[in-house]
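Shown next, in structure tokens, is the structure this report addresses.
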Amino acid sequence: MAFSRLVLLISIVGYFLIASAANFYQDFDITWGDGRAKILNNGELLTLSLDKSSGSGFQSKNEYLFGKIDMQLKLVPGNSAGTVTAYYLSSKGATWDEIDFEFLGNLSGDPYILHTNVFSQGKGNREQQFYLWFDPTADFHTYSILWNPQRIVFSVDGSPIREFKNMESKGVPFPKNQAMRIYSSLWNADDWATRGGLVKTDWSQAPFTASYRNFNANACTVSSGTSSCSNSASSPNAWLSEELDSTSQEKLKWVQNNYMIYNYCTDTKRFPQALPTECNTA
């Protein structure tokens, strides 16, 4: 009897795990592209395509205010020069907040550039760029954003690549009051994306396709101004106070020492008077 109860319990738990698994039909709306964006495999896979006429994009049904968000992407293979695959969180309005991953395509054999940025109250200009230590077109890789009241951490396959701390005490605005949706798009940006616009999109290679799977949002959703985490005592979320431990800090240093190719915090030509405040704070 006890064994049959255990089997029933395992079955119930298994059902809820499956039921809560990512489903693009449930979690996202295709917003543009006139059929170029597709949800496939019973909602387990989403693809965006770009041709000379148009790109495509999607957005989350939910709005989030803090969370730990993962998505697996496989980027446009081959000659992807001129294309940009953007995957980001953003609010609306003139003083919007935004947390960006952008993947800048390149000629066959040359590396993608991963471009990151943080906007708070409509102000960005906080770019950091990286090469990746793998071919992002050969397989799916996990790109994650941890966003809590203390920090924003960008990670790739579990390795942090960038941390933007809350420095409101130093007068630096931090995204913490505006709920954001998840957006993604594949579009043509050959006026700037590859070598500053010198390399143009080769339309003979179209359509260009990027693929998405295994979305997961351990996050506070906002509906009608109310957060699902309002009663945090009954539903504790460890990520709300998560910070980088010593192992993660070492990984962050390794990535930044070996793969960072641009950091606004060291660009004295761009900021000749003084580097931004957050760059001067340890």
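Each Cβ is built from the backbone N, Cα and C atoms, and glycine gets one as well.
Here's what TrEMBL has on this protein:
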- 1-21: signal peptide (SIGNAL)
- 18-212: domain 'GH16' (DOMAIN)
- Glu98: active site, nucleophile (ACT_SITE)
- Glu102: active site, proton donor (ACT_SITE)
- Asn106: N-linked glycosylation site (CARBOHYD)
For the domain 'GH16' (18-212), report the average pLDDT of the model, please.
95
Non-local Cβ contacts of Glu102 (active site, proton donor) (under 8 Å, 6 or more apart, same chain)?
Val84, Thr85, Ala86, Tyr87, Tyr88, Leu114, His115, Thr116, Asn117
Taking just the CA atoms, what is the gap between the residue listed as 'active site, nucleophile' and Asn106 (N-linked glycosylation site) in Å?
25
Show which residues of the chain containing Asn106 (N-linked glycosylation site), separated from it by at least 6 in sequence, have their CB under 8 Å from its CB.
Ser80, Ala81, Tyr112, Ile113, Thr194, Val199
